[in-house]
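Student: For reference, the structure I am asking about is given below.
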Amino acid sequence: MALNVVILAAGKGTRMRSDLPKVLHPIAHKSMVQHVIDTAHQLGSEAIQLVYGYGADKLQARLGEQALNWVLQAEQLGTGHAVAQANDNIGDDDTVLILYGDVPLIQVSTLEALLAARDANGLAILTVNLHDPTGYGRIVREAGKVVGIVEQKDANEEQLKINEINTGIMAAPGKQLKAWLGQLSSDNAQGEYYLTDIVAMAHSDGVSITTAQPESAIEVEGANNRVQLAQLERAYQARAAEKLMLEGANLRDPARIDVRGEVTVGMDVMIDVNVVFQGKVTIGNNVTIGAGAILIDCEIGDNAEIKPYSIIENAIVGEAASAGPFARLRPGAELKRDAHIGNFVEMKKAVLGEGSKAGHLAYIGDAQVGAGVNIGAGTITCNYDGANKHLTVIEDDVFVGSDTQLVAPVTIGKGATLGAGSTITRDVAADELVITRVKQRHLTGWTRPVKQKK
C-alpha cells in the first residue's frame, strides 16, 4: 500500500494576529508546515496532499517548488471537510496519514509506531493522556476498545472525565476513508464536519481500530497564538540541545543555544551560551565555540576555536585554526590548518593558508593567501574596481605591514615584505621589500588653528 499523506494547512490563525498564514510561522527558522512536510518525506510518503485556504499566495510563494499536490479548501467547514477535498488524489489501496500543518514537533518514530500499530485495512489513531484534557476530543472506549471520539462541546459529564484525548493524527485505508467522509454530517454544536466522526463509523463497520501514543505530549501540541509558538520553539530547542549533548558536546547552558538546522558534532566540543547554529553545520572533535557566535552552513575542523561573537557563514575553518573574537567569515572563505584571524577581520571568497595570520582590523576578499603569511592590522585587498571583482594572490611567507592596500589584480611573490602604509598596485617579486608610503616631512614653526569665538 502506498503511503499518502494529507496535511491540513487551510486555517487563518486569527489568534496569531498576523497577516501571515498560521502554518508559515517559524519554529527554528523553518515554517511549521515545512517541518511537517519534511517529516512526511522522511516517512517515505509517495504523495503529499497540502490542503490550503487562507493566504494561498504566501503559501505557494514559500512552498510552491516542492513536490506537493495543492488541494484548495475554499470554505473552512471542519477537519472532515478539509480531508474530503483531497479525495480525488487518494487511491483505494492507499494508506492515508492525516497530519496538521501547525503541529510541527511530531516525530518520525511516533508516526512509524502509529503505522505499525494499524491492522491491515484498519484505522489507527494517535492518542495521548493529559492531566487536563479540557478543550480536546475524548477517546471513548468500551471494554478497552475504541468505539468513538466525542468533542468537548458535545461530551456529557462522564465523557468529560476521560483523560485520553484525540490528537487528530490518524492513519486510514483509502477506500473506507473516502466512504466515511461522504457520510459526515454537520449536525453538531460547531456546525462542522468532524473528521473524528469517522471513528464511530469504523466501529460500526466492524473495522479494527488501534491506537498509539507519542513519547511526549509536546509532539502533538499545536500553536494557535504566539505564546504557544514560543513554547514549541523552546521544546524544539531543548530537544536539539539534548541531541548535541548525547553526541559529545558540552553545553555551558543547554537553555541558551539556538539550533536552526542540522548540526553534527564530534567528541568533546565545548559550546558557550547564546550560540546560534543555522543550516547545515558540521563540527569536528575538541572544538571550542565562544559565546554569541553564529555558525551558518559551515564546517569546523578538529581542535579549531571560534571565539566569542564571530560569524561563520558558508565557510570552512580547518584543523586547529581559530577565528575571533568579533571575526567574520563570509561565503567562500576558508582558514587552512592552524591559520588565525582575529578581532574585526573579515574574509570573503578567500583562502588563508596554513599557519597564516591576520590578527586584527583587516579585509581579505577574493584572495589566495599562502602558508606562513602575516597580514598586519588595517590591511585591505582592494578587490572591486566599481564594475568587477579581481583576485589578489599572496604567496608563502609574505609579511604585509599594517595599513597596506593591495589593489587587485596583483600577486605578491614568496617571501616578499610590504612596508606599512603601502599601496601596492603592481606585482611584487619573491623576497622583495616594497615601500610606497609618502616621504615624511617635518614643518617647523607651524601653528595649530585656533577656534574662533562665536
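The backbone N, Cα and C atoms fix where each Cβ goes, glycine too.
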Student: From the candidates ALA350, ALA358, ALA416, ALA420, give the one listed by Swiss-Prot for the same acetyl-CoA site as ALA377, ASN383, TYR384, SER402, ARG437.
Tutor: ALA420
Student: Could you check which of the binding-site residues GLY101, ASN224, ARG330 is the closest Cα neighbour of ALA420 (acetyl-CoA binding site)?
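Tutor: That would be ARG330, the closest of GLY101, ASN224, ARG330 to ALA420 (acetyl-CoA binding site).
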Student: Counting only residues 6 or more past its boundaries, what in the same chain has a CB within less than 8 Å of a CB in the region 'Linker' (227-247)?
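Tutor: Same-chain residues near the region 'Linker' (227-247) but 6 or more away: 16, 25, 27-28, 32, 104-105, 218, 221, 254-255, 257-259, 263-266, 269, 271.
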Student: Tell me, how many other CB atoms lie within 10 A of the CB of SER402 (acetyl-CoA binding site), whichever protein chain they belong to?
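Tutor: By my count, 18.
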Student: So for ARG330 (UDP-N-acetyl-alpha-D-glucosamine binding site), how many other CB atoms are inside 10 Å of its CB?
Tutor: 16
Student: Kindly assign ASN374 (UDP-N-acetyl-alpha-D-glucosamine binding site) to one of the three DSSP-derived states: helix, strand or coil.
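Tutor: Strand, per DSSP.
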Student: Specify the secondary structure state of GLU151 (UDP-N-acetyl-alpha-D-glucosamine binding site) as given by DSSP, simplified to three classes.
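Tutor: DSSP assigns GLU151 (UDP-N-acetyl-alpha-D-glucosamine binding site) to coil.
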